[in-house]
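TrEMBL lists ARG31, GLU32, ASP36, ARG144, ARG145, GLY146, HIS147, THR148 with the feature D-ribulose 5-phosphate binding site. Taken from TrEMBL, the feature Mg(2+) 2 binding site covers GLU32, HIS147. What TrEMBL records for GLU32 is Mg(2+) 1 binding site. Per TrEMBL, the feature site 'Essential for catalytic activity' maps to HIS130, GLU168.
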Amino acid sequence: MFCSNDFSRVNAAIKAYQQGLPVLLSDDNDRENEADIVAAAENITLETMALMIREGSGIVCLCLTEEKAQELSLEPMVKNNESRYQTAFTVSIEAKDGVTTGVSAADRITTIQAALSSNKQHKKIVSPGHVFPLRAKPQGVLERRGHTEGSIEIAKLAGLKHAAVLCELTNPDGSMAKGAQVEYFAKQHNIPMLTIKELVDYAITKSEQMLKSPVTDYQVANA
């Protein structure tokens, strides 16, 4: 794991993902300025999914790479995406087997696991359903500073499948949680929090350190 005292919050998020636990991920103030409850898709726990449904908007999304979405033949929800931040929703999905109504926490996890284990030859999902896939941009947070890309970035750093689950955090009155409200929720539930900007800075710093490795310095000195 790449470590730095300046990136303790990123490292805390990585550890949470590795344990199937949630993270609060906030975007920029000049964007949505909201926090999503995010977790790794590969090992999300029933408790984490229940938290998302109970404390979030109810719209549970499965964030996938472009390659995985194509492998599953997930078409865009609409042909012409006119949403403000170009959120790349595909058609909704449900597990073909092992679910009842598809809406419970357990059923949504079953659907997510079915999607992750599906391929072109053995497709285990159907549409429509109660899980909403999102396609991430190929270059991740360096291309689009969205929750979709940020949630997958943490999964990559955690050494897990490049897929994540997210649900927008809401207040008890149904409004979107922001700023101090997000911080209070994080402390109340002991959930690590970080921003997409921190993930961007982490990615840039990691790349710069790799470029400055001893091997690179030696090659430059003897060029």
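Cβ coordinates are placed from backbone N, Cα and C, and glycine is handled just like the others.
Note that TrEMBL annotation is computational and uncurated.
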CB contacts for ASP36 (D-ribulose 5-phosphate binding site) [other CB atoms within 10 A, all chains]: 30
Task: Between ASP36 (D-ribulose 5-phosphate binding site) and GLU168 (site 'Essential for catalytic activity'), find the distance joining the two CA atoms and give it rounded to the nearest Å.
output: 4
Query: Should THR148 (D-ribulose 5-phosphate binding site) be counted as helix, strand, or coil on the basis of DSSP?
result: helix
Task: Rank the recorded positions HIS130, ARG144, ARG145, HIS147 by the number of other Cβ atoms within 10 Å of each Cβ and report the first-ranked residue.
output: HIS147
Message: Give me the CA-CA distance between HIS130 (site 'Essential for catalytic activity') and HIS147 (D-ribulose 5-phosphate binding site), in Å, as a whole number.
response: 19
Query: In sequence order, what residues of the same chain, 6+ apart, have a Cβ less than 8 Å from the Cβ of THR148 (D-ribulose 5-phosphate binding site)?
result: CYS61, CYS63, THR87, ALA88, LEU134, ARG135, ALA136, LYS137, LEU166
Query: Any idea what the Cα distance is from GLU168 (site 'Essential for catalytic activity') over to HIS147 (D-ribulose 5-phosphate binding site), rounded to a whole Å?
result: 9
Task: For the recorded positions GLY146, GLU168, work out the Cβ neighbour count at 10 Å and name the residue with the minimum.
output: GLU168
